[in-house]
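Participant: Below: one structure in structure tokens.
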Amino acid sequence: MKWTEVNVKTTNEAVEAVSSIFDGLDAVGVKIENALDFENYRASNPAELMELKDIPHITEGAIVSAYYPDDTTNIDVILSQLRTKVNALVDFGLDIGEASITTVEVQDDNWATAWKKYYHPVRITRYLTVKPSWSDYQASFSDEKVISLDPGMAFGTGTHPTTRLCLQALEMTMRGGETLYDVGTGSGVLSIAAKHLGASDVEAFDVDDIAVAAAQENFDLNPIAKDIKVSANDLLKGINRPVDTIVANILSDILVPLIPQAKQLLNSNGYFILSGIIDDKLELVIDTLIANDFKIEEVLHYGEWRGVIATNRKDD
């Protein structure tokens, strides 16, 4: 079978947003080539004998590729919508780089499985490791928690800097027994991690029905996540039950309207963990948190990305 491969040359910062755009444009599959992924893998596995030159890869930026059957009749419309949506990411403060769009004909569907050989288990934090669903990797020490994900979904693999910041913050703040909301769950990795770290009750939300389905598939891959409830919802609108922790890894401009909602739903001294914040949006997020009477406990850094740990001040 022949396919049309559509490629967007962009930045590490924009890969997840571009992937989501492709998903909304009915791509059959999405592939991400990210120069930073190779550096992260090498840094996470310093003892492994691995020559990056043996694996075809780009050395800077990222390429997000999507696949459409060659008989797709509206490919020109898709390309036009893609260009508009990618350019609009600038309005959310994302650096999209050159954002060039190219197409190429692919002769068969080997792309659908060939990428699997480049995915390996990755140690994300002190205790949390993410592995692809087909890997038979087992925990190598007693406290290691292994999360199984299907990287074929266009909602991240747990290794993006914003996800790492959230996972680190969860590990820093959770003590066991917490109730938690995961807002903008995507792959569901944060919800699964929360269960591994001792959360007693987790609910996950995403505005995208496809993300909800992807998260449910990943929950099904992890026995510890079998009781996580996931549903489509616009942030926390209509949610009434207070919880101990709220975690959100979404764009800064979406975090801002979430903050007053989180204020109403967090128990006294509960933790609010935010990520997806580029450096020049950090002040806006922190100012909004303070205006809503949150206490800033810590700001985490990973490259150009920032994460914030805040607590809901106890009423005097």
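Glycine residues also receive a Cβ, built from the backbone N, Cα and C atoms like all the rest.
Marked as S-adenosyl-L-methionine binding site by Swiss-Prot: THR163, GLY184, ASP206, ASN249.
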Participant: Whole number in angstrom, please: the longest C-alpha to C-alpha distance across THR163, GLY184, ASP206, ASN249 for S-adenosyl-L-methionine.
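Facilitator: So the binding residues stretch over 15 Å, Cα to Cα.
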Participant: If you skip the near sequence neighbours and keep only those at least six away, which residues in the chain come within under 8 angstroms of ASN249 (S-adenosyl-L-methionine binding site), Cβ to Cβ?
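Facilitator: Within the chain, ASN249 (S-adenosyl-L-methionine binding site) has Cβ neighbours under 8 Å at THR162, THR163, LEU165, CYS166, GLY184, GLY186, LEU190, LEU274, SER275, GLY276.
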Participant: List, in sequence order, the same-chain residues at least six positions removed whose CB sits under 8 Å from that of ASP206 (S-adenosyl-L-methionine binding site)?
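Facilitator: Expected: GLY184, THR185, GLY186, VAL212, ALA215, VAL230, ALA232, ASN233.
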